[in-house]
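Look at TrEMBL and you will find 1-199 tagged as domain 'Calcineurin-like phosphoesterase'. TrEMBL lists 8, 10, 41, 197 with the feature Mn(2+) 1 binding site. Taken from TrEMBL, the feature Mn(2+) 2 binding site covers 41, 79, 114, 195. Per TrEMBL, substrate binding site is recorded for 79, 80, 122, 160, 164, 167, 195.
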């Protein structure tokens, strides 16, 4: 048996290639999987469950079919889809996780996160994150007309693309000290996150012991999966 983790698919109708890669993954890569964790930015943008169309319902249905096979599915918010709520989760038959969340993988305690709050050098981004993750602001956003929320979503995506071009790569990566502090806060030696689109397994020291930070990749040009079995963590490509 195994546990699979993915993140940063940025699913949208505009990228049918990524959608097909995800469907291929569900059909061909989930044998012997008992749990699937999706660590944020599953969708490229999410303006609210009431904005679900044919595409979003299709994705929810595919996840539900996977869950009906006995695979438990967990979903974590990312910076693009933090407005996903109970309606989608009910249709997809998945459980929404807090960020960060502590889990057990075959006897090993592991901390899971989308990872964006660890990019502490990107001060402008962190300021925006605090604003949009504020419960009162989110309450107000969800009550805006759908057409307004879609407009805001398009603006945020455009701003994100500009920021990626203009900001130094080091600023948009996680801050090493923030990682150590998080591991020591939860007293664990393993952290798995996404967001940065830089799949790798990093070794470091935390709690005065060797630790690992495992970064999930995005799905362009092809998807990255983290497969966890008893005592082993391995990054793989979808195809």
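For all residues, glycine too, the Cβ spot is worked out from N, Cα and C.
Automated prediction, rather than curation, is the source of TrEMBL annotations.
Feature annotations (TrEMBL) mapped to structure.
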residue : record                 : contacts (Cβ under 8 Å, 6+ apart)
8       : Mn(2+) 1 binding site  : 40, 41, 78, 194, 195, 197, 216, 217, 218, 219
10      : Mn(2+) 1 binding site  : 18, 41, 43, 44, 80, 218, 219, 220
79      : Mn(2+) 2 binding site  : 40, 41, 114, 116, 129, 195
160     : substrate binding site : 80
Reading the DSSP string in three states, the entry for residue 114 (Mn(2+) 2 binding site) is coil
Within the predicted model, mean pLDDT of the domain 'Calcineurin-like phosphoesterase' (1-199):
94
Using DSSP, would you call residue 122 (substrate binding site) helix, strand or coil?
coil
An 8 Å radius from the center of the 41, 79, 114, 195 Cβ atoms defines the neighbourhood of the Mn(2+) 2 site; name the other residues of that chain inside it, in order.
7, 8, 39, 40, 77, 78, 80, 115, 116, 194
By the DSSP assignment reduced to helix, strand and coil, which category contains residue 195 (Mn(2+) 2 binding site)?
coil
State the count of C-beta atoms found within 10 angstroms of the C-beta of residue 122 (substrate binding site), not counting that atom itself.
20
